[in-house]
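Novice: After the structure tokens below, expect a handful of questions from me.
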Amino acid sequence: MASKKQRIGVLTSGGDAPGLNAVIRAVVKSASSLGWEVIGIHDGFEGLLGTKSYRVLTNADVQGLLPRGGTILRTTNKGHFGPRRSDELSEADPYVRAVKAIEEMGLRALITIGGEGTQRIALELHKLGAPVIGVPKTIDNDLAGTDRTFGFDTALQVATDAIDRLHTTAASHNRVMVLEVMGRHTGWIALHAGLAGGADVILIPEIPFTIERVAEKVHARDAQGSAFSIIVVAEGARPRGGSEMYIAEGRLGGIGHWVGEQLERLTGKDVRVVVLGHLQRGGSPSPYDRLLSTRYGAAAVQAAARGIYGEMVALRGQDIVTVPLAEACGYLNRVRPHSDLVLCARSLGIVFGDEL
């Protein structure tokens, strides 16, 4: 009698990022080489609660996905999976319903591709017995337990290209250009892009700033004969003693325009603000993100083959390893204010707005 074909599931959850489709492709191709069947679950964890919210994925389904942005499985960062507030098992509990769905589908493993929120949900499912394996995704690069998340490199490329373009127009008109980039709680995109693009000021959540110090930098450049300035600000940056700014309930944003308005008042210069927004999430992944996503997808299937659950694949040095989901969800990977990158930037004269 032939043995039953092994089956694994894969879903994408949270905000989209370049490289999601590359992970899905690697999962399908790696599982296919083992003779396994892959079930693609639509709309993140919400797909575990619906009917007919999944489909079998074959090698034919993932042809041409490497350079393609977005996710063929769709994703959401809203829905039923908030923090579990009780250990009681209820049929109405979405987590209990999800675990039951995983069992009914006969999944040997469920590969969850997402950031900190996604892996936190995966951890709760694992506590209820689900065989989950996480894959780290976020353009913010703020997920703990891994040296790098996929999506970050592409977002960095987009932000750096924007700075390069803003340099020419800023210099032509002697303007101050403020570029707001993503980074809710961490400043990795702003810091890396600011360094790579030659910014004059970098404002990040980890280092509260004073607008007066930023204005001083603009005046200093004017005095040195450089009548334009480039300022990169993460969306979660905040003035000293202040708080994060929101453009709508639950949606960070607005700090770039606030910085621009204050600088016009303090310096009298022509200031223009550019909010990069979702351009950082869309489009084709960079070669590095394609490679990292592929390695993560293949490693997740290998973990399933070895029966390793409740863990997340991660980059450590040059190798892909697995780390406990609890470690990935325990804290955020933040920029250290005295890290080598920050010290390098300061040595180049880049201002973070905190200097006396």
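Placed from the backbone N, Cα and C atoms, the Cβ positions cover glycine too.
I grabbed these lines from Swiss-Prot:
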| type | residues | note |
| --- | --- | --- |
| BINDING | Gly15, Lys78, Gly79, Gly115, Glu116, Gly117, Thr118 | ATP binding site |
| BINDING | Glu116 | Mg(2+) binding site |
| SITE | Gly117 | site 'Important for substrate specificity' |
| BINDING | Thr138, Ile139, Asp140, Arg175, Met182, Gly183, Arg184, Glu235, Arg272, His278, Leu279, Gln280, Arg281 | substrate binding site |
| ACT_SITE | Asp140 | active site, proton acceptor |
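Map the listed features onto the structure and describe their local environment.
Specialist: Sequence-distant neighbours of Gly115 (ATP binding site) (same chain, six or more apart, CB under 8 Å from its CB) are Gly14, Gly15, Pro136, Lys137, Thr138, Asp140, Asp142, Leu143, Thr149, listed in sequence order.
Counting only same-chain residues six or more apart in sequence, the Cβ atoms lying under 8 angstroms from the Cβ of Glu116 (ATP binding site) belong to Thr138, Asp142, Leu143, Ala144, Ala328, Cys329, Leu332.
The Cβ of Gly117 (ATP binding site) lies under 8 Å from the Cβ of Ser13, Gly14, Asn77, each on the same chain and at least six residues away in sequence.
Taking all protein chains in view, 27 other C-beta atoms sit within 10 angstroms of the C-beta of Met182 (substrate binding site).
Of all Cβ atoms in the shown protein chains, 28 besides its own fall within 10 Å of the Cβ of Asp140 (substrate binding site). Under DSSP, Asp140 (substrate binding site) is assigned to coil, being neither helix nor strand in the three-state scheme.
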Novice: Can you tell me how many other Cβ atoms are located within 10 Å of the Cβ belonging to Arg184 (substrate binding site)?
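Specialist: For Arg184 (substrate binding site), the 10 Å Cβ neighbour count is 16.
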Novice: Reduce the DSSP letter at Leu279 (substrate binding site) to three states and note it down.
Specialist: helix
Novice: In Å, rounded, how far does the Cα of Arg272 (substrate binding site) sit from the Cα of Gly79 (ATP binding site)?
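Specialist: About 37 Å separates the two Cα atoms.
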Novice: Just name the most isolated of the binding-site residues Thr118, Thr138, going by other Cβ atoms within 10 Å of its Cβ.
Specialist: Thr138
Novice: What whole-number distance in angstrom separates the two most remote CA atoms of the ATP-binding residues Gly15, Lys78, Gly79, Gly115, Glu116, Gly117, Thr118?
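Specialist: Between the most distant Cα atoms of the ATP site, 16 Å.
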